[in-house]
């Protein structure tokens, strides 16, 4: 079971809680243990500050993933980690890339969840595996391949 805390730190329009739950549960279905995670929706100022603090990049990015990195058996809390999503960046990217807003939201939430599970895209082989999973998950929701029209990785972090 997924315990999901959604923190809306911005008044900007964003998907409803049910959509976030659906996307997270789909991305996390390979994890058999209970999971607890937080999604914090932020404005560009907070997104920029967090990206600068944790990644030394002076701009707001679409999604930041903070895995808990705590073994499940160490605590009685199945803490998976946190996602921070900058609403304005998601909206801007969807428009610039000609993607539906819902598909882009789904992609970024599931991308972040995969990071919480330990997937990464630093090395080419890792990126291929992670992007393949993202394509499969999005296809299950009826969304197109997020990388089809892009020669480079659309995830900015």
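Using N, Cα and C of the backbone, Cβ positions are placed for all residues, glycine too.
What Swiss-Prot says about this protein:
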- 111, 115, 121: Zn(2+) binding site (BINDING)
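Counting only residues at least six positions away in the same chain, the Cβ atoms of 65, 67 sit under 8 Å from the Cβ of residue 115 (Zn(2+) binding site). Among the listed binding-site residues, namely 111, 121, the Cβ with the most fellow Cβ atoms inside 10 Å is that of 111. Under the DSSP three-state reduction, residue 121 (Zn(2+) binding site) is assigned to coil, being neither helix nor strand.
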